[in-house]
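To start, the structure itself, in structure tokens.
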Amino acid sequence: MTSFGFKILKRSKKSRARLGVISTPHGEIETPAFVPVATNATVRMLDSTEIAALGSQVLICNTYHLHLAPGGKLIKKAGGLHAFMHWNKPLMTDSGGFQVYSLGFGTDHGIGKVLKTPTGKTIERDAQPVNVRITDEGVHFRSPIDGTALFLGPKESIRIQEALGADIIFAFDECPSPVATKAYMRESLEKTHRWAKQCLEARRSKLSALYGIVQGGKHRDLREESARLIGALPFEGFAVGGEYGYDKPTMGKLMGWVSDILPEEKPRHALGIGHPEDFAALAKSGMDTFDCIAPTHYARRGVAFTSRGRLDMRAKRHLTEHKALDQTCACDVCGTYSRSYISHLVRKNELTGLKLLTMHNLHYFNALAAHLRAKIKNGQL
RNA sequence: GCGCCGGUGGUAGAGCGGUCAAUUACGACGCGCUGUAGACGCGUUGCCUUCGGGCUACGGGGGUUCGAAUCCCUCCCGGCGCA
């Protein structure tokens, strides 16, 4: 069994981009890599064999959700997450830090972590979400499904993640809201930093590589401070979380500033960013892996990502188009089925339609990442 | 032929004298979604509009009433029962 490692094969002369390989006990990840999201130990609509066939190298599952059901203990008894879901390639688990936001202020304000239009809302220092209580020690959750109470702090998150046994696990952080004031951000950041150290102390095994998380919102000073502090801790890799400003250029710049501070020889993961138009910016700002729900989430809403942009397959016009979803795509779905057929399935709420879109989108995202690697290799990025 | 029940917007199906252009669901159309609570959420869905409102509508016709999708008469159509 190989242990964790990261090798940089090539550094771009034009940007911070690098071509690399992450080694894990369950195999290698060629980077930059896109990481599909498998929250409940499944990429929705697909089984593990199908996921692998679409070119996915690594998945990210969720500590909060898997702890609620079926529970870390059960999964451990099943032989760990890999055996449980029959996925023998690399796995990551998110720490539950995102749920601090998504089930907290995110739900309260009805917004995601990327804000395109101002909401007029702000979160002042010491404010608390409705269904989540954030304390210095950790976070008290209440499941939106059945009200189950769950406390997650750095120690709890690490315990659960070690029981799940992913190859890469993440420190427990607070993902702050994009509408938080800087005063709130400052305090949140200090919490995240304390928790990062506590996560390192809580580790019992080195079977899983532990990534520290840089926060700081859209504030350059906070981001840099966070990168210096987290980057100096003995994590095997690093992640950047939270929001990165309203526009893409800002995101690229902020990511780049963080990259410049983080230790160069360790891998970097961008948490929850990765629409197709973000890929190049992520790689150029020095990110090695990044996960995003976009391909799977949008597929279940009937949207295909293609080389010519998003296609809403619910639109009637696709019903009469007998060509492939994306004529330049090499995936089985595009090689087999027509837009017309897929549109028909989606419009009739047939799950097969959503499945086909999930497959295509995942292939598309994975191919996009492969293309990125090729460009770095050829000195084009 | 007699008796009973029923005919409402794209569909199903509420309403049963004013607050009804008509609840609701589905459908249709549009918008949103970036470490997934969510095969989801939001909006529009008779026609016209200077956005104040105006017009035409609840099988057809006629009546009662200040006022009818709602009550009465009649015709047409459907279901059930008896001949």
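Keep in mind that glycine also has a Cβ here, set from the backbone N, Cα and C atoms.
Summarising the annotation, TrEMBL assigns domain 'tRNA-guanine(15) transglycosylase-like' to A:16-381.
Annotation source TrEMBL lists active site, proton acceptor at A:Asp94. Cβ neighbours within 10 Å of A:Asp94 (active site, proton acceptor), excluding its own Cβ and spanning all shown chains: 30.
Per TrEMBL, the feature substrate binding site maps to A:Asp94, A:Ser95, A:Gly96, A:Gly97, A:Phe98, A:Asp173, A:Gln215, A:Gly242. The local packing around A:Ser95 (substrate binding site), expressed as other Cβ atoms within 10 Å of its Cβ over all shown chains, amounts to 31.
Across the region 'RNA binding' (A:272-278), DSSP assigns 3 helix, 0 strand, 4 coil. Residues or ranges marked as region 'RNA binding' in TrEMBL: A:272-278.
Per TrEMBL, active site, nucleophile is recorded for A:Asp291. A C-beta separation below 8 Å, combined with a sequence spacing of at least six in one chain, links A:Asp291 (active site, nucleophile) to A:Phe34, A:Val35, A:Pro36, A:Val37, A:Ile60, A:Met92, A:His269, A:Ala270, A:Leu271, A:Gly272, A:Gly274.
Among the features that TrEMBL reports, Zn(2+) binding site is placed at A:Cys329, A:Cys331, A:Cys334, A:His360. Around A:His360 (Zn(2+) binding site), taking its Cβ as the centre, 27 other Cβ atoms fall within 10 Å, counting all chains. When secondary structure is read from DSSP and collapsed to three states, A:His360 (Zn(2+) binding site) falls in the helix class.
Spatially, by CA atoms, the recorded positions A:Asp94, A:Ser95, A:Gly96, A:Gln215, A:Gly242 include one closest to A:His360 (Zn(2+) binding site), and that is A:Asp94.
Between the alpha carbons (Cα) of A:Gly242 (substrate binding site) and A:Cys334 (Zn(2+) binding site) lies a span of roughly 35 Å. Separating the Cα atoms of A:Gln215 (substrate binding site) and A:Asp94 (active site, proton acceptor) is a whole-number distance of 15 Å.
Remote same-chain residues near the region 'RNA binding' (A:272-278) are listed as 34, 98, 113, 241, 244, 248, 251, 290-294, 305, 364-365, 368 (criterion: CB distance under 8 Å, separation of at least six residues from the stretch ends).
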